[in-house]
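Student: As listed in TrEMBL for this protein:
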| type | residues | note |
| --- | --- | --- |
| BINDING | Arg62, Tyr198, Lys204, Arg326 | substrate binding site |
| BINDING | Lys204, His224, 240-248, Glu290, Arg326, 445-446, Thr451 | ATP binding site |
| BINDING | Lys204, His224, Asp261 | Mn(2+) binding site |
Amino acid sequence: METFLKKPNMKTKDLTKYGLKDTNAHWNLSPEELQAITIEKGMGKETANGTLAINTGKFTGRSPQDRFLVKDDYTKDRVWWGKTNKGISPENFDYLQGEIEKYLSGKEIFVRDGFVCADPKYRMGVRTVTELPWSNMFVYNMFLRPSEEELENFEEEWLVLCAPGYECPDPKTYGLRQGNFSILNFTKKIALVGGSAYTGEIKKGIFSALNMILPVDKNVLPMHCSANVGEEGDTAIFFGLSGTGKTTLSADPNRKLIGDDEHGWTSENRIFNFEGGCYAKVIDLTEEKEPDIYRAIRPGAILENVVFKDIGEVDYFDSSITQNTRVSYPIYHIDNIQKPSYADNPKNIFFLTCDAFGVLPPVSKLTPGQAAYHFISGYTAKVAGTEAGITEPVPSFSACFGEPFMPLHPTVYAEMLSKKMQEAGVNVWLVNTGWSGGPYGVGSRIKLKYTRAMITAILKGELDNVDFEQHPIFGLHMPKYCPNVPTEMLDPMNTWLQKGAYISKAIQLAHSFHLNFEKFASEASDQIIEGGPLIDEHHHLNDHV
Ligand SMILES: Nc1ncnc2c1ncn2[C@@H]1O[C@H](COP(=O)(O)OP(=O)(O)O)[C@@H](O)[C@H]1O
Ligand SMILES: C=C(OP(=O)(O)O)C(=O)O
């Protein structure tokens, strides 16, 4: 394998224009080469079937507080400086960019040219320069892979500089909270990742960029969702924050996978994947429960932060490094995929929420007003793992089911979605993949096989003619019957030991919804406001709590 390390770089592509000097740059190495280099450098090892396994070091998940957007003329009047999108000055960005360039200069580095956006009309070139060989292999897995010819003529629109080994020594001086950071500059079209080797930062950085560029410049709605399509061409999309089930539920052997995390909805009535690969969680993974993901773990894939129980054998139940153990793989590691990764307007939209209180029904049908209300609210629990500092489910509201990645005001995305849903005449469903029988600590997480059965029933039209009843507090319409699902669990109140305890918890949650929605109320129509919980929270809270 030494040949790769010693081979002079024959390409003449110029990195000095980015301020990178005297580098030994490897351009677009194959995944096999990158894997061999990773192992040669002692940065990873192989499982028995030859899959690369690496550790990301200190950061095993995203650090949302450390993500920034440059405050300049481009972002000034556009960005909604909400709770997680922090602003940084252009001068501080230039300083950090210069420091990263100095840090990478003189080093052996890895360059990868790839595309994002599978629809040719919206395709965008991204050049990623990484300090580590396996981060580069991640980019090969996750972005769309150009042909040889496309590589020869490749033109990048965005540049990602990823230097996990560079931590800013005096973060406060440069507007940072700590030494690691992830920053987008829309004017320079550069994404910087410093101090963190969590590969998710690279893909979520470009996702955040697309969440600005696509609606502003291209009239495309960007969505934090997975997507698949049935034999009849019926597309389904699954919105949800991290850990709610986008990847798991979209991997359905009976349907073609379009993508597991990020999609655009065009004005030409098309849903397209931004990416060329998947990034699945592998904690507690078994072949029986998640066969498609399990079988995608083969040479070419990269396992992150897993623990080996024996030579070459991974213990997927070991969370001693992190709960957020992962695997990235090119989408073609899944058998049943849509090629290319786009399809027609969706017929069904699922909002996945992982309700840690055990209040929301496992499945319910939403009216247009409820759909807009729940999209803007983005209620879920952050599940242990993906975000730094989250060790048990924490209820949260994340607008558009992806607030940390959305630079514009949530109502911009919500209005686009409502219009598209109306035009396409879709059904919208709220699916709780979280708790049943009580809150976290008392009840238990809804079994994957039941969630799958609910989704399958909907996709087959089996809930089209069943009776629904309205939830007394949330106003959601719950089916009274669903094939292959115990009927008593369809109304969550039945699963709690004490009805009174359920009602007070539900009212409490409804109250949180109302409080969260206050900041959006002035911009929301009556129809949307009426889509919220039915109760007047103060009156009922007094009655019941
Ligand atoms: N009822 C359920 N529905 C979906 N996922 C579930 C369910 N119960 C447990 N899980 C687990 O929750 C995790 C969901 O993660 P994932 O599909 O990667 O979410 P996302 O793609 O939205 O980040 C997986 O580890 C899956 O096995
Ligand atoms: C990679 C991420 O997305 P998800 O957890 O939804 O896969 C992330 O949020 O860091």
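Any Cβ shown, glycine's included, is placed from N, Cα and C.
Keep in mind that TrEMBL annotations are predicted by a computer and have not been checked by a curator.
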Student: Near ligand 1, which of the binding-site residues Arg62, Tyr198, Lys204, His224, Arg326 are found, taking a Cβ distance under 6 A to any of its atoms?
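Tutor: The binding-site residues passing the 6 Å Cβ test: none.
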Student: Expressed to the nearest Å, what is the distance separating Ser242 (ATP binding site) and Arg62 (substrate binding site) at their Cα atoms?
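Tutor: For Ser242 (ATP binding site) versus Arg62 (substrate binding site), the Cα atoms are 11 Å apart.
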Student: With Tyr198 (substrate binding site) as the reference Cα, tell me which of the binding-site residues Thr244, Asp261, Ile446 is the closest one.
Tutor: Asp261
Student: Going by DSSP, is Arg62 (substrate binding site) sitting in a helix, a strand, or coil?
Tutor: strand
Student: Which one of these binding-site residues, Arg62, Lys246, has the sparsest Cβ neighbourhood, judged by other Cβ atoms within 10 angstroms?
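Tutor: The binding-site residues Arg62, Lys246 were compared, and Arg62 has the fewest Cβ atoms within 10 Å.
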Student: Return the residues near Ile446 (ATP binding site), defined as same-chain residues 6+ apart in sequence whose C-beta is under 8 angstroms from its C-beta, sorted by sequence, else 'none'.
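Tutor: Counting only residues 6 or more apart in sequence, the Cβ neighbours of Ile446 (ATP binding site) under 8 Å are Pro362, Asn432, Thr433, Gly434, Trp435, Ser436, Met489.
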Student: Which residues, in sequence order, are found in the same chain with Cβ within 8 Å of the centroid defined by the Cβ atoms of Lys204, His224, Asp261 at the Mn(2+) site, excluding those residues themselves?
Tutor: Lys203, Phe207, Ser242, Glu262, Gly402, Phe405
Student: Compile a sequence-ordered list of residues in the same chain as His224 (Mn(2+) binding site), six or more apart from it, whose Cβ lies below 8 A from its Cβ; state 'none' when nothing qualifies.
Tutor: Phe207, Phe239, Gly240, Leu241, Lys246, Asp261, Glu262, Cys400, Phe401, Gly402, Phe405
Student: Grab the substrate binding residues from the record (Arg62, Tyr198, Lys204, Arg326) and give me their largest CA-CA distance in Å.
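Tutor: Answer in Å: the longest Cα-Cα distance is 15.
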Student: So of all those binding-site residues, Arg62, Lys204, Arg326, which one's Cα sits nearest to Thr248 (ATP binding site)?
Tutor: Arg326
Student: Of Tyr198, Thr244, Arg326, Ile446, which binding-site residues come close to ligand 2, meaning Cβ under 6 Å from one of its atoms?
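Tutor: With ligand 2 as the reference and 6 Å as the Cβ limit, the list is empty: none.
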Student: Please report the Cα separation of Thr244 (ATP binding site) and Arg326 (substrate binding site) in Å, rounded to an integer.
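Tutor: Pair distance, Cα basis, whole Å: 15 Å.
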Student: Validating a neighbour-count step here. Other CB atoms within 10 A of the CB of Asp261 (Mn(2+) binding site): how many?
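Tutor: The Cβ of Asp261 (Mn(2+) binding site) has 28 Cβ neighbours within 10 Å.
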Student: Neighbours of the substrate site Arg62, Tyr198, Lys204, Arg326: Cβ within 8 Å of the Cβ centroid, same chain, sequence order.
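Tutor: For the substrate site the neighbour list reads Gly61, Thr199, Gly200, Glu201, Lys203, Tyr279, Asn324, Thr386.
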Student: Which of the three DSSP states, helix, strand or coil, fits Thr248 (ATP binding site)?
Tutor: helix
Student: DSSP three-state call for Lys204 (substrate binding site): helix, strand or coil?
Tutor: helix
